[in-house]
Amino acid sequence: MQTLNRRNFPGRQHPDRVIQFGEGNFLRAFVDWQLDLLNEHTDLDAGIVIVRPIDSDFPPALDTQDGLYTTIIRGLNEQGEAVREPRLIRSVNREINVYRQFDEYLALAHDPNIRFVFSNTTEAGISYHADDRLSDAPPVSFPAKLTRLLYERFCHFDGAADKGWVLLPCELIDYNGVALKELVLRYAAQWELTSTFTAWLNDHNTFCSTLVDRIVTGYPRAEVEALQQEMGYQDTFWDTAEHFYLFVIQGPLWLAEELRLNKLDLNVRIVDDIKPYKERKVAILNGAHTALVPVAFLAGLDTVGESMNDALIGKFVEKTIAEEIVPVLDLPHDELTSFAQAVLSRFRNPFIQHQLLSISLNGMTKFRTRILPQLLTYRERHGELPARLTFALAALIAFYRGERSGEGDALQAYPLQDDAHWLERYSTLWAGVKENTVSLAELVNVVLRDADHWEQDLTQVPGLAAQVTEQLQTIVERGMRAAVEGYC
């Protein structure tokens, strides 16, 4: 069987126009996949040079396949139909290891055609390392590496106004472009670089904050043999992802023309502020996940897909989103409902098996950040508590009992993953309930009164403790399926 490379699979190669910090699965199935579509269907003509920002030889460089690799995009489309789309990605030209090829790395700054810089160096990547120096080859932190490269470009082109870059970090932190620019300017000051360089950074480089959204499941280890037979070649870099994707860029409108987004209808939005889109994602996608997990798991289900195909639990999630989350968000209603429908399709994706227990990690913090804001806003706007969101809180408290109904009358124990503070507190409280020394009302009040966690005393929210206690009582006495019926 043939090996995937440009000799065996010749085709068009694009000039270097994009630098990408990060070689991982996400960027390859998200940014590179979109750029490859733009290269095929428009005149973008942008080749990608990947810079490996860490000192590691694992996995091997994409150079072993001349930059070629295959994406398998699969899931439910907008019509609810299962789709599967293999694609040979041809837009990556080469990969540079900055620790072993530092001169080649700096040479990228000398290329007048380079225009865009993408990155995904993990949430910890946009960080400050005090010991980084201009003379390091390379510096440790990603922002310092980038500052060194930008300074090289500034010097090589003598501060030319038309040689600035558009920088689009994809790290999962709020206002990632703002954070990255702040650190670049910090290094410029620390290294005592010229004021003209700082002015060039500010005036002729565009740092965009972004929001990225796609579940990338990466290398499909169990399917490799079948994929090789289907595609007719060996690929060490298969990359799988869901059908849905969204790229929100906080930046100038002229970006649409530069990236040729005006010539191909991709799910990319160029906006003035990404905050409403971040709130939408956290509230609808992440919030629905967090509400679903304890309800579905205590109802005897184990995966997100299985839960959404369960008539009772699926209806609970749909109504929670439509009636209690969407109405309190500040974006056009049609955008919110469209995104909500996409989320439901993503949850039902038959190609992804999301284990509920794995999503349950740090559930208390997730409830505070993902659901509590909508719960409190709903009460403020409607004068009553949202019954399904409070039920999700009752279910979460029940979940931390650490056991669910199994075969017959047997109880099935399961691992809990959270902060030690909560694990110890719940263990004590539920032991007290079992021994009849703590009532459910007392348990709920202890949990809601923890202002260090909730950033307020939730027992002061009128009716909340009583409603959650009543719902928890129903779950304990009747079981989750009987308890949730009233909310479907």
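Quick reminder: no glycine exception, Cβ is built from N, Cα and C everywhere.
Quantities reported herein were computed from a predicted structural model and do not represent experimental measurements.
Over in Swiss-Prot, the protein carries these features:
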BINDING   V18, I19, Q20, F21, G22, E23, G24, N25, F26, L27, R28, A29  NAD(+) binding site
In the chain carrying V18 (NAD(+) binding site), residues 6 or more apart in sequence that have Cβ under 8 angstroms from it: L35, A46, G47, I48, V49, I114, R115, F116, V117, F118
Just how many other Cβ atoms lie inside 10 Å of the Cβ on G24 (NAD(+) binding site)? 16
Specify the count of other C-beta atoms within 10 Å of the C-beta of Q20 (NAD(+) binding site). 25
So, in DSSP terms, is R28 (NAD(+) binding site) helix, strand, or coil? helix
Ten-angstrom check, please: count other Cβ atoms within 10 Å of the Cβ of G22 (NAD(+) binding site), all chains counted. 24
With a 10 Å radius around each C-beta, find which of these binding-site residues (F26, R28) has the fewest other C-beta atoms nearby. F26
Would you mind pulling the DSSP three-state label for Q20 (NAD(+) binding site)? strand
